[in-house]
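Reading through the structure tokens given below for one structure.
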Amino acid sequence: MEQIAARVTYINLSPDELIQHAVKNGEGVLSSTGALAVTTGKRTGRSPKDRFIVKDEQTADQVAWGNINQPVEQRTFDQLWERALRYLSERAVYISHLQVGADDNYFLPLKVVTEFAWHNLFACDLFIRPSGDHANGKPSWVILSAPGLKTDPERDGVNSDGAVMINLSQRRVLLVGMPYAGEIKKAMFSVLNYLLPPHDVLPMHCAANAGQSGDVALFFGLSGTGKTTLSADPHRFLIGDDEHGWSATSVFNFEGGCYAKCIDLSQEREPMIWNAIRHGAIMENVVLDENGVPDYADARLTQNSRAAYPREYIPLRVENNRGRPPDAVLFLTCDLDGVLPPVALLTKEQAAYYFLSGYTALVGSTEVGSVKGVTSTFSTCFGAPFFPRPPTVYAELLMKRIEATGCQVYLVNTGWTGGAYGKGGERFSIPTTRAIVNAVLSGKLKEGPTEVLSGFNLTIPKSALGVDDHLLNPRKTWEDVSAYDVRAQRLIQKFRENFEKFKVPAAIREAGPSDVH
């Protein structure tokens, strides 16, 4: 394993010790909740333009290179890695031995080396703490995080003063000039998303929970569309809130913690998340008042304020961090146009179509430099920034899993209805969406009467327990039906234009929307 030279090395400190170091180092302060509060300067979200993957013989033909998966030469990586090692050699560093993947067959051992104590705490909160020597002879991946080291675009061959570089062949992840902790977890997510498909495991940007009888539900969606909120269900057991694998025999969490958005967090609406923000947790870019009390409504630092906490802080959880193959799969889409239904039942071909499309919204975007407010987007696999291989690799695996299990896939709109965003529409309330989810998970939704929504050709229920019937057909929620048709046709055209880039069987392409009539 790679040796790290440093002025002082702290290895496998406890969360309490890491918190003490972070406060002593001036990295953060303790809030009234007991959680460690930190700020990350100008980088309050991910920096997709600064993420690179080393292009070599192993990866050249396997990665979908482009604006998302930007190639970097091995030599460029090596030079920056050495610069980071020299930088860290003059400082105190924190090292923890962790793992990603809660499945004995597919986990990866990790050696996390950080300049900041709080980044190491973040890794301990979000990754899995192994019991004993659990590496089983597997070689460790090394994460090197040096947020205080700035890059020079001309000298270092990068785009700004920071970079994330993933070296899939050498099992190394390098983060320099990146104080935002989300980069650490998403880098390893990208690694697993590359490594697992050849092993017949579908990696997924989704939350997962289980019912009393062990039935499993998956919630796919971009940040801010409801994954964490809806999976933290007071009547179900959490597996995880963000990253999972689906093998032939199980669903398993990649992580050992949660990373919840905090903007406008309320104890009433999201009690499980609220109660998890305590000693041992981290609040990232949450504004505190003079008494250290968090103001979750204050977005002056960012809309993307966050809390990181271990899974153990959620009382209702699946202890072994995994479950059986899913009984229900929910694609959470946040529709700004207000033309999609609150819920629709998808065929497996429609599931592949909407999975590849990934239509949703960027809500309080997690990316640096994004426009404030809400914008619609198509994000392949409901997580385009994290999937290195061609999208059809993941879509084919999804269809294979659906065919093998017979699980029902649903499209759930957590966005607007009765009109478009900012033009008279209203967002579905969390209680309404929870009622939809409850109807899905009860199994009764797919047994009741349905109708087909024109244009989108989606099968929608005529009734759902706890939901007003008139909300189920979006066309009926608009006062001006012709205005609905115009808006729906506009979105259908966007779907078609976006889907042109995919080379897929005709059955999948034809499962998409047609003209409104």
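From the backbone N, Cα and C atoms, a Cβ is placed for every residue, glycine too.
In the three-state DSSP scheme, Y180 (substrate binding site) is classed as coil. The Cβ of Y180 (substrate binding site) lies under 8 Å from the Cβ of T40, R43, T44, G45, R46, S47, E284, V368, each on the same chain and at least six residues away in sequence. The substrate binding site annotation in Swiss-Prot covers R46, Y180, K186, R306.
Taken from Swiss-Prot, the feature ATP binding site applies to K186, H205, G221, L222, S223, G224, T225, G226, K227, T228, T229, E270, R306, T433, supported by sequence analysis. DSSP assigns G221 (ATP binding site) to coil, not to a helix or a strand. In the structure as shown, the Cβ atom of G221 (ATP binding site) sits within 10 Å of 27 other Cβ atoms.
The 10 Å shell around the Cβ of K186 (substrate binding site) contains 24 further Cβ atoms across the protein chains shown. The Mn(2+) binding site annotation in Swiss-Prot covers K186, H205, D242 and rests on sequence analysis.
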- request: Look up K227 (ATP binding site) in the DSSP assignment and reduce it to helix, strand or coil.
  value: helix
Of the binding-site residues listed as H205, G221, S223, K227, D242, the one whose CA lies nearest the CA of R306 (substrate binding site): S223
- prompt: Taking the Cβ of S223 (ATP binding site) as centre, how many other Cβ atoms lie within 10 Å?
  reply: 25
- prompt: Nearest to G221 (ATP binding site) in three-dimensional space, by Cα, is which of the binding-site residues K186, H205, D242?
  reply: H205
Statement: What DSSP gives for K186 (substrate binding site), in three states, is helix
- prompt: In whole Å, how far is K186 (substrate binding site) from S223 (ATP binding site) when you measure between their Cα atoms?
  reply: 12
Statement: Record-listed substrate binders R46, Y180, K186, R306 have a maximum CA to CA distance, in Å, of 14
